[in-house]
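Engineer: Pasting the relevant annotations from TrEMBL:
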- 43-295: domain 'G-protein coupled receptors family 1 profile' (DOMAIN)
- 25-50: transmembrane segment (TRANSMEM)
- 62-91: transmembrane segment (TRANSMEM)
- 103-122: transmembrane segment (TRANSMEM)
- 142-165: transmembrane segment (TRANSMEM)
- 205-228: transmembrane segment (TRANSMEM)
- 240-258: transmembrane segment (TRANSMEM)
- 278-297: transmembrane segment (TRANSMEM)
Amino acid sequence: MSTFHNVCSVPSSLWLTGIPGLETLHIWLSIPFGSMYLVAVVGNITILAVVRVERSLHQPMYFFLCMLAVIDLVLSTSTIPKLLAIFWFGAGHIGLDACLCQMFLIHCFATVESGIFLAMAFDRYVAICNPLRHSMVLTHTLVGRLGLAAVLRGVLYIGPLPLMIRLRLPLYKTRVISHSYCEHMAVVALTCGDSRVNNVYGLSIGFLVLILDSAAIAASYVMIFRAVMGLATPEARLKTLGTCGSHICAILIFYVPIAVSSLIHRFGHQVPPPIHTLLANFYLLIPPILNPIVYAVRTKQIRDRLLQILKTGTKIR
């Protein structure tokens, strides 16, 4: 690897170290990371294929699930192939513009995913609290508009981040990013100059997305639980709550790792760098891996369709 000097300059490229402190284990770390990425890709593509061919799944909840699958594919594919290239070939070189593009994709689609979870919470609220109007309220048009709104919000929130770095902080004191991908704060830490505006903006976006979205989702589930508790029998309550189980699991899978990683990055200064970087990678891999599994296991229609496909494949063989 080239030697980089601690002098402020305008670089055309940066260098990703992978997992700092664990460079000697990179080839071994590539095995679990490569396996997890393969599972994530196969799982999410399977969900997309099943919903596409099974007409009974052409409902708002499954359309939102397809949006999640696409987002998870983008999140994992924007980081893991580059990480595996670092592990296998030491290919840490990345152009500055490519780095800022990767940063935008990661943070933008994480924001979009949060918006989709919020839309799914609204879908569950209408389905349980006002079931007779569900099909009239959650039309295919509204589902598409909610998805588009989530994407536009992600672009508007995250678009300024790479622009602020490119325009306000063009000078870098080092080209080495002690991380496996171009995370916003990891890149800002390399720059010369006053980065307080970037830090405040990043914290504000984190608050808007993580705190407000989770609060809105929690409020919707408070109303859902109140409606469920009003049902006549325990069996009806359990059956109704069962329809929310997959969504609740997916929410926890998404918000808990990202909250832990964000808190450690900003306040966990005693946490060793390898642990922080591993957690940052896992929060981009865990949802893409577990979301398809959760929905396949807990959703009868998807589970039955998958079993039917497997049985058909076995008979053909």
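Cβ atoms are placed via backbone N, Cα and C, with glycine included.
Values in this document were obtained by computation on a predicted structure and should not be read as measured data.
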Engineer: Are there at least 3 C-beta pairs under 8 angstroms linking the transmembrane segment (278-297) and the transmembrane segment (205-228), leaving out pairs fewer than 6 apart in sequence?
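Structural biologist: With fewer than 3 qualifying Cβ pairs, these stretches do not touch.
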Engineer: Can you check how the pLDDT averages out over the domain 'G-protein coupled receptors family 1 profile' (43-295)?
Structural biologist: 89
